Every structure is written in structure tokens, then in C-alpha cells.
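Record features, source Swiss-Prot:
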BINDING   D48, 162-163, Q184, 262-270, 277-285  NADP(+) binding site
ACT_SITE  Y53  active site, proton donor
BINDING   H116  substrate binding site
Amino acid sequence: MSDGGAGAKGAGFGMPRVGMGTAVQGPRPEPIRRAVLKAIEAGYRHFDTAAHYETEAPIGEAAAEAVRSGAIASRADLFITSKLWCSDAHRDRVLPALRQTLWNLQMEYVDLYLVHWPVSMKPGRYKAPFTADDFVPFDMRAVWEAMEECHRLGLAKAIGVCNFSCKKLDTLLSFATIPPAVNQVEVNPVWQQRKLRELCREKGVQICAYSPLGASGTHWGSDSVMASAVLRDIAQSKGKTVAQVCLRWVYEQGDCLIVKSFDEARMRENLDIVGWELTEEERQRIAGIPQRKINRALRFVSDHGPYKSLDDLWDGEI
């Protein structure tokens, strides 16, 4: 990926290095629409959504409004990522699910379409809580072949995965005709993903970091990132915020990153991660932060499902 701010393009498929996340708890179409318009004004060009988030429609509305107002010249100025939900992770449901996403967005294509989790559920199960009977085996090959068809049809300019362990990514790469362009995973200073990053670099798969600030305030998030004494000390010494230090650290790893704020001042603050860098000593201090995965995804673990433990889900990599 090339250097630069929110509009910087990646070498392979044009993914800006900094994207705005839109995962929210409960439908909030109007706040999302307004926030996306503010983000476009601030300089964001990459917007991350998913069928599960129920934010595709307001993103599409904001994009159309931004074109009409002249804030952007055309849809092509934006990079839109969306994701296939688990209940549509079946060979015959992938293409219809993407068509529904495109209808929601009122767009002809998405720039990146991702398998949200290496998990399949019974069709129609979109809302938590999920029950043990909802989970069915994940047919990775069948799902990926359907994803490849979405790409061949031009409905997804690039395809990829989310939350794939090293083992699952290796398995996918062993048979994929079109390799995944991206693995979107949790990355932050308390979960640095060194092993996965090395594999992705070797295989040419771009890491896109979600929850770079720890997702504090969500039902599964943690304040362990923002409360880190190491990060606070570095931020104070550099005259930056803890959030900026975290985002700069992710940026320096070569990752794309997804960060969410609906506050305009913080949107701009989160873009201010270029033009300065961490020192080698600061990088080493961050490298020494104790590691613990925040998003463990216990909701996908069931005695009666394919993943009976966290070790099964993450292949012993957490």
C-alpha cells in the first residue's frame, strides 16, 4: 500500500489506507448518513460497511448526495467495502447477498467484498443472540468459489476475508483461483498479529485492521488500548493523542485501518497520522505491550456447532 492520508491509494486495487467504520448497535440511518457526509468533507474516501451492520443504505444515500453537491466528482472517487454475513455463507446465497448489498447501496459494484467470518449459519439468521442450532459447517471452498464469481461478474472489484487465522488463510490460498486481496482482522497495540502479518506479507495479502483503538464502548470491546500507560506516555511526549499514536503504529505496519468516529473533530484527528513517525525506541516499547485478543467471538462457539471452543475457531492462534 502506498503512503498518504485517507485518499492514498493502494498499489494493487486502490484501497485508501484509512477507512471509516460504520458498525453501530441498532439501526441509525440518519446519523450514519450525516456522519458519512462529514467524513467525505474531512477527506475520507474509504467506507467500511456490512450486511450485518445495516448501514449500507445510508452510506449509499450519502455517496449520492456527495456527488450531487459536488463534494466528490463521482462514485468512483469512493472505495466501498462490504461483507457477506454468516447466514449467506452458502454457495447459492453469496451472489444474491451481494446483489442485495448493491441494491441497498444503490451502486453497481463494491470495491471490496469480504467474507465476514469463517462461519456459516442457517439462512435468515441475521440477528443475535444466536442459538446452538443456528450454526452449520462452513464450506470454505464453496463459499470462495461463489465469491470468485462475484469478482468475475464485476460486482466486486476485489474480494477477501475477515477474521481468518493463519491456518484458515493457508487453506484458502491452497485452492483459491483468485487469491484474497485482503484479510480484515483485529489489529491494535495489544493484539499485534505478528505471525499473521508475516504470513500475509509473504503471500501478498493486505491486512486491514479493525478495532485499532480497542473498540471501547462496544459490547465486546475493551479500554485496554486507550488506557495503556505505554501509549499514554508516548502520546504525551509527542504532543499527540493516544488514538493518533495507535493509528500511526498500525499505519507504520503497512496495514490499512478502519477507525470509527461520528464526531467531526475526531474524524479529522484520526486522519492526522502522516507527516510524523514513531521513533525506534517508541516502536520497541509498543512491541513489549502484553498481548491479548479483544474480539474473541465467543458467540460463534457452541457445543453443538462446528467450533466447540475458541481454539477451534482461531486454530489455537489466540
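Backbone N, Cα and C define each Cβ position, glycine as well.
Positions of Swiss-Prot features highlighted on the structure.
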| residue | record | Cβ contacts under 8 Å, 6 or more apart |
| --- | --- | --- |
| D48 | NADP(+) binding site | G19, M20, G21, T22, T81, Y210, I258 |
| Y53 | active site, proton donor | T22, A23, V24 |
| H116 | substrate binding site | A50, A51, H52, K83, L84, W85, C86, A89, C162, N163 |
| Q184 | NADP(+) binding site | T81, L114, G160, V161, C162, N163, I207, C208, A209, Y210, I258 |
| E264 | NADP(+) binding site | K38, A42 |
| M267 | NADP(+) binding site | M20, K38, A39, A42, Y44, S261 |
| N270 | NADP(+) binding site | V18, A243, Q244, L247, V259, S261 |
| T279 | NADP(+) binding site | none |
| E282 | NADP(+) binding site | I234 |
| R285 | NADP(+) binding site | V230, I234 |
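In the three-state DSSP assignment, the secondary structure recorded for E282 (NADP(+) binding site) is helix. DSSP assigns D48 (NADP(+) binding site) to a strand segment in the three-state reduction.
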